[in-house]
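Here is the structure we will look at, set down as structure tokens.
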Amino acid sequence: MPELNSSHLPSIFMLLGGPGLEEEYSVISIPYFIVFTISMVGNGLVIMVILQDHTLHQPMYLFLSMLSLSDLLFSLSTCPTVMNIFWFNSRQIQSHACLLQMFFVQTLSVVSSGLLLAMASDRYVAICNPLRYTSILSNAVVGRIGVALAARSIVIHIPLVYSLEPLPYCKGNVLSHSYCLHQDVMKLACDGTNTFNIVYGWVIILSTVTLDAVFIFISYIIIIRIVLAMKSGVDRSKVFDTCVSHLCAVFPFYVPVVALSFIHRVGTHLSPSLKIFMASVYILVPPMLNPIIYSIKSRQIRVGLGRLFHPNRVQASNS
């Protein structure tokens, strides 16, 4: 193990997991594994349905497939580390593997935030400017938006990761969660050496996730005003139902993301158990809920799932 007063990046980090709950790991691992499995299967099915069904090659569903891919990669980059602690009590993680995991966690979170904004923008254009919808959001434009969102997140997080490695570390190598978070690693650096990380971390949060949330809020304020002004109750109900499914995905994502970021940066005196709980919600809830929400609320996704599992029955009903 690295020395606690080492001035270099520790060769390994120790993940604390759930302190005091070691004897309950086998029990705790069951809901974790169930949620992880639901996330993987659910997001994988959504991606398969959208890719195979050409009638779903529309902006809203293409953005949804990108969000499902982001959620799937997010679960793969975090949950196996947590399960490794619960099943094998293996708490060690190589420093560079930890930084890579941290990079994926941060990057995919900002990508998901951008995709939720893109989906809100899709609903805004479809409702506020329906005659130009197909020209504004063609499939080529949707693809470029996806690439731009991924590039934005990768570019802004590379300096954050690289800036951690040369810092002097004087506070040991024990991380307070079951996976690697930027705020957690940063706190192990010597006092007064991580000003850039603190400031740059706030800049990223405010200029991406927070700003995305503000634009989503504004777009839905405008959408709600237009919906309430609609004369047709059927049209109003249809538009409202579509928007509700998206909002059901927005809130479970932004609440734990923003809460976890502020808890680590501001709530230094809060209970460690609360931080661990929020970190668990952060990696478990949004990836699990998104495919469930859209499978329940979207008839097209349900029909696509039916074609996927019962192709002969669907063909027979169409003939």
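Glycine residues also receive a Cβ, built from the backbone N, Cα and C atoms like all the rest.
TrEMBL entries are annotated by machine, without manual review.
Copied over from TrEMBL, here are the features:
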- 30-51: transmembrane segment (TRANSMEM)
- 42-294: domain 'G-protein coupled receptors family 1 profile' (DOMAIN)
- 63-87: transmembrane segment (TRANSMEM)
- 99-120: transmembrane segment (TRANSMEM)
- 141-162: transmembrane segment (TRANSMEM)
- 199-223: transmembrane segment (TRANSMEM)
- 244-264: transmembrane segment (TRANSMEM)
- 276-296: transmembrane segment (TRANSMEM)
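Mean pLDDT of the predicted structure over the domain 'G-protein coupled receptors family 1 profile' (42-294): 87.
Contact between the transmembrane segment (30-51) and the transmembrane segment (199-223) does not hold: fewer than three of their C-beta pairs are under 8 Å, each pair 6 or more apart in sequence. Through the fold, the transmembrane segment (276-296) approaches residues 18, 32, 35-36, 38-39, 42-43, 45-46, 64, 67-68, 71-72, 74-75, 78-79, 82, 105, 112, 176-179, 181, 245, 248-249, 252-253, 256-257, 259-260, 263, 302, 305 of its own chain, all at least 6 residues removed from its boundaries and within a Cβ separation under 8 Å.
Listed as Cβ neighbours of the transmembrane segment (99-120) (distance under 8 Å, sequence separation of 6 or more from its ends, same chain) are residues 60, 63-64, 66-67, 70-71, 73-74, 77-78, 81, 93, 145-146, 149-150, 152-154, 156-158, 160-161, 164-165, 179-182, 185, 204, 208-209, 212-213, 215-216, 219-220, 246, 249-250, 253-254, 257, 283, 286. If you look at the transmembrane segment (199-223), the same-chain residues 6 or more away from its ends with a CB under 8 A from one of its CBs are 106, 109-110, 113-114, 116-117, 120-121, 123-124, 127-128, 152-153, 156-157, 159-160, 163, 182-183, 186, 239, 243, 247, 250, 254, 257-258, 261, 265.
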